[in-house]
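Asker: Annotations for this protein, taken from TrEMBL, read as follows:
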type     : residues                                      : note
ACT_SITE : SER142                                        : active site, phosphoserine intermediate
BINDING  : ASP93, ASP205, SER207, GLU365                 : Mg(2+) binding site
BINDING  : ASP93, ASP370, HIS374, ASP411, HIS412, HIS487 : Zn(2+) binding site
REGION   : 263-283                                       : region 'Disordered'
SIGNAL   : 1-16                                          : signal peptide
Amino acid sequence: MRFFIPLLLLVAAALARNIDDEVHHKQNRFKDRDHLHIGADAPPMMKLAADGQLRAVEDSEYWNEKCQQELKDQLAVTPIVSQAKNVIFFLADGTGVATLTAARLLKGLRTGMYEQERMAWDLFPYSSLIKTYNTNNQVTDSAASATAYLNGVKGNQATIGVDANVQRGDCQAMNVPEYRTQSLSKDFQDENKSAGIVTMSRVTDASPAGTYGHTADRNWESDSDINDDGEDTELCDDLAEQLVLNEPGSKFKVILGGGRQKFLPEGVDDPEEEDQTGRRNDGKNLIDAWLEGSSSMGNATYVWHKDDLLSFDAASTNYLLGLFDYKDMSYAIDEDASNPSLEEMTRAAIAVLQKDSNGYFLFVEGALIDKANHDNEASSALEEAVEFDKAVAAAVEMTDESDTLIIVTADHSQPMTINGYPALHSDIRGVAGVSDVDDIPYLALIYTSGPGYREQTDGVRPDPTEEGYEDPHYVFAAAVPREASTHNGEDVILYARGPHAHLFTGNHENAYITHAIRYAACVGDGLNFCDEKVKV
Ligand SMILES: *[C@@H]1O[C@H](CO)[C@@H](O)[C@H](O)[C@H]1NC(C)=O
Ligand SMILES: *[C@@H]1O[C@H](CO)[C@@H](O)[C@H](O)[C@H]1NC(C)=O
Ligand SMILES: [Zn+2]
């Protein structure tokens with residue numbers, strides 16, 4: 001039965017292709033709007049019934065059968081009450097539910113599963129809503145959010161790994177030991193387990209820095225950033241320095257992402273970027289320092305090109321550093337030859353980490369979803385979310401649900417919305433309808449803030465169909481002009497599978513996530529599943 005339904009769908013989809021083509025054809029002809037029903041309901045898919053009559057494919061029988069199966073699957077879900085040996089934390093940066101839904105529709109358009117497509121996380125048995133406000137703002141940035149979900153304590157906007165006693169830019173306060181929080185990666189290392197990070201942004205960017213950093217300002221990624229702010233680099237360690245020289249970062253088994261400029265000194269040429277050298281003022285080459293430090297603990301490999309990541313030998317590598325770009329890594333749509341995909345990095349990371357029989361903590365960030373959303377480039381954001389889905393699917397494939405807790409969540413939302421009423425099976429990046437007020441088409445995706453704001457000419461709203469919205473870098477419309485979109489403040493969703501995934505239901509603080517992981521994995525302070533088991 002489970003196989004029958006998708007098969008039926010494929011057949012139905014094939015039957016519907018003509019209708020679908022017709023809809024697309026119509027959407028390319030909006031100039032002739034009078035004859036158009038953009039956003040009109042698609043005609044139903046039809047099947048030949050046993051009695052020779054044409055009937056709707058998706059009739060009562062269809063939905064009853066499908067949802068009975070869904071109910072049986074749900075009834076079969078049982079909590080896995082055992083210690084989580086491994087934890088993989090997937091973070092979709094700046095990804096609200098609308099972005100997830102739209103990305104699923106884009107994937108479904110390509111597979112022919114359309115609206116019934118499922119992302120890797122849609123198959124996880126548990127989910128929860130997560131509150132993301134921080135200690136001084138209702139709408140969080142990635143730094144304060146990372147402090148919460150990776151350290152179990154909410155902090156102030158733009159600060160990382162420090163509690164609410166540290167204000168942004170307070171270099172002295174960030175060094176006070178009592179104000180510093182402890183990250184999950186340190187908790188794991190304290191139990192002789194491994195830790196690693198993977199991101200599409202600079203490895204010193206705010207979200208990954210939540211796994212190892214303590215800073216009063218997320219922008220202090222290299223010493224030159226601190227100098228630019230007129231602060232004392234002797235007093236305050238930058239994030240790249242903390243990652244390479246301080247625990248827990250110095251003991252990470254895997255560090256993969258971008259941001260070479262934060263690791264190389266001025267005057268040292270970047271291997272890839274012409275006429276670019278490092279940005280460090282202190283003369284430190286932190287890539288060399290990493291190689292030296294890690295080589296003293298085992299076999300250490302540094303790579304900066306995708307080809308070298310795809311050919312490295314995980315079996316003989318104990319420590320892996322990959323810095324694939326001078327700044328952030330490139331968008332999937334830009335096809336940078338030196339950049340591995342998020343899936344490729346995730347596979348490499350798990351291959352190294354799973355050699356630790358004690359277990360591991362891996363943080364994987366789909367960082368560019370947020371960045372594309374900030375630019376109102378919705379199509380690119382959706383491609384990044386589809387890439388994120390492939391990485392999650394790879395982790396599911398490479399691990400065992402009985403010993404690995406996988407979490408998929410976001411640090412905050414972005415102001416992208418899905419407007420009504422695009423026809424069934426239509427491309428979510430396209431036209432949703434024609435306004436009944438100004439008679440001009442509008443797209444399904446729109447932002448409430450960002451660079452996509454359009455001035456009206458003579459009170460007329462610009463027609464998106466005359467702007468080349470099919471371009472993958474097209475800037476979608478926004479209601480409020482801003483250089484970059486704001487983050488959004490509604491709750492984000494969290495999906496979980498594996499041991500103690502059932503701790504993630506209902507509504508929770510983002511800082512709760514750390515506490516639940518510590519409990520499930522028997523690491524760190526606070527309640528702990530293994531302690532409780534002993535007591536019983
Ligand atoms: C971790 O390993 C070290 C060295 O092998 C050992 O001394 C220590 O007791 C271990 N700690 C835990 C929590 O297993
Ligand atoms: C380190 O690499 C060497 C050479 O490839 C290999 O023989 C050795 O087993 C590796 N050591 C570990 C701990 O993996
Ligand atoms: Zn952001």
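Each residue, glycine too, has its Cβ placed from N, Cα and C.
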Asker: Let me spell it out: take the region 'Disordered' (263-283), skip the flanking residues so only those 6+ beyond its ends count, and list any with a Cβ under 8 Å from a Cβ in it.
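Answerer: 222-224, 227, 233, 240, 244, 290, 304-305, 323, 325-326, 338.
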Asker: How big is the Cα-to-Cα gap, in Å, between ASP205 (Mg(2+) binding site) and HIS374 (Zn(2+) binding site)?
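Answerer: Distance (Cα to Cα, whole Å): 15 Å.
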Asker: Counting distance between Cα atoms, which of the recorded positions SER142, ASP370, HIS374, ASP411, HIS412 is nearest SER207 (Mg(2+) binding site)?
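Answerer: Among SER142, ASP370, HIS374, ASP411, HIS412, SER142.
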Asker: When you average the Cβ positions of ASP93, ASP370, HIS374, ASP411, HIS412, HIS487 for the Zn(2+) site, which other residues in that chain have a Cβ within 8 Å of that mean position?
Answerer: GLY94, THR95, ASP141, SER142, SER145, ILE369, ASN373, ALA410, SER413, GLN414
Asker: How long is the line from the C-alpha of SER142 (active site, phosphoserine intermediate) to the C-alpha of ASP370 (Zn(2+) binding site), rounded to the nearest angstrom?
Answerer: 10
Asker: Report, in whole Å, the straight Cα-to-Cα distance of ASP370 (Zn(2+) binding site) from ASP93 (Mg(2+) binding site).
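Answerer: ASP93 (Mg(2+) binding site) and ASP370 (Zn(2+) binding site) have their Cα atoms 5 Å apart.
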Asker: Please tell me which one of the binding-site residues listed here (HIS374, ASP411, HIS487) sits closest to GLU365 (Mg(2+) binding site), measuring Cα to Cα?
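Answerer: Spatially nearest to GLU365 (Mg(2+) binding site) by Cα position is ASP411.
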Asker: Sequence gap of 6 or more, C-beta under 8 Å: which same-chain residues meet both conditions with respect to HIS487 (Zn(2+) binding site)?
Answerer: GLY94, VAL139, THR140, ASP141, HIS412, SER413, GLN414, PRO415
Asker: Taking ligand 3 as the reference and 6 angstroms as the Cβ limit (strictly under), which binding-site residues among SER207, GLU365, ASP370, ASP411 are close?
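Answerer: With ligand 3 as the reference and 6 Å as the Cβ limit, the list reads ASP370.
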Asker: Could you count the residues of the region 'Disordered' (263-283) that DSSP puts in helix, in strand and in coil?
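Answerer: Final tally across the stretch: 0 helix, 4 strand, 17 coil.
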Asker: What count of other C-beta atoms do you get within 10 angstroms of the C-beta of ASP370 (Zn(2+) binding site), across all chains shown?
Answerer: 30
